[in-house]
Structures are given as C-alpha cells and as structure tokens.
Amino acid sequence: MFYTILCVGTGGFVGAILRFLFYFGFAQFFSQKYIFIATICVNIIGSFIIGFVLNIATTYAINYNFKNFLVTGLLGALTTFSTFTYENAVFLNHGEISKFFLNITMSIILCLIFCFLGIYTAKIIH
C-alpha cells in the first residue's frame, strides 16, 4: 500500500509541475485574461490520455502502480475541475456571460471528443 501511495504522490508531483509549466508558458505568449484556455488545454490533453490509457488497460495488463501513478497521480494533478469552476464563477461575477458559456461548452465538448479520440487511438494500436 505504501508503494502505491508513493506512486500516486510522485505522479501528482509530476502532474502539478507540468500544469504549472504549461500555465507559465501559456501566460508568456498570451494575455492573462485568456488563461482559461490553458485550463481547457490541460483538460483536453488529460481527457485524451485517460481515454487512451484506460482503454489499453481493458486489453493489456498495465501495472497497478503505474496506472495509479499516471491516472490518479499525474492526470489528477494535471487536469483540474476546481480551476475550471473558479474561472467560470469569475466570468459570471464579472458579467462575462459569453466567456462563461464558451468555456463550459468548449471544455465539455472538446474533452469528450479527445477522450473518445484516446479510446479510438488505443483501439487502433491493438
């Protein structure tokens, strides 16, 4: 059990750093007011990877600790529902209704599409 916890924690450490670097890099190229797009991007990337990995796991034996490292740890820290929720609350609070609906719509639709693409890619590979 301790080793599994260590794997999840290490994955979370890596995922949190990747998310920070992604946001930092995004902020260097775009205005801070568009930082919500970085949240959409990390959630899309995470959706693809989780769809891919968990579909592969239905056919191939993936090490339990590696799966926990990747899915629970890394993807859990990389993707974020709390930031998504906060950004939408800020949009509503500032009366930015179009950004609110755009963010919700893009996040849900694109994340579903990329999750299915991950599943489909995994099926093609095996």
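Note that the numbers count up from 1, one per residue, in the order the chain is shown.
From the backbone N, Cα and C atoms, a Cβ is placed for every residue, glycine too.
Taken from Swiss-Prot, the feature Na(+) binding site covers Gly76, Thr79. Positions annotated as transmembrane segment by Swiss-Prot: 5-25, 34-54, 71-91, 100-120.
Annotation note: Gly76 (Na(+) binding site) sits in a helical segment as assigned by DSSP. Taking Cβ-Cβ distances under 8 Å and a sequence gap of 6 or more within the same chain, the neighbours of Thr79 (Na(+) binding site) are Val42, Asn43, Ile45, Gly46, Ser47.
Most Cβ pairs within less than 8 Å of the transmembrane segment (100-120), among stretches 5-25, 34-54, 71-91, belong to 34-54. Among residues of the same chain six or more beyond the transmembrane segment (5-25), those with a C-beta under 8 A of the stretch's C-beta atoms are 35, 38, 41-42, 65-66, 68-70, 72-78, 80.
Sequence-distant neighbours of Gly76 (Na(+) binding site) (same chain, 6+ apart, CB under 8 A from its CB) are Val8, Gly11, Gly12, Gly15.
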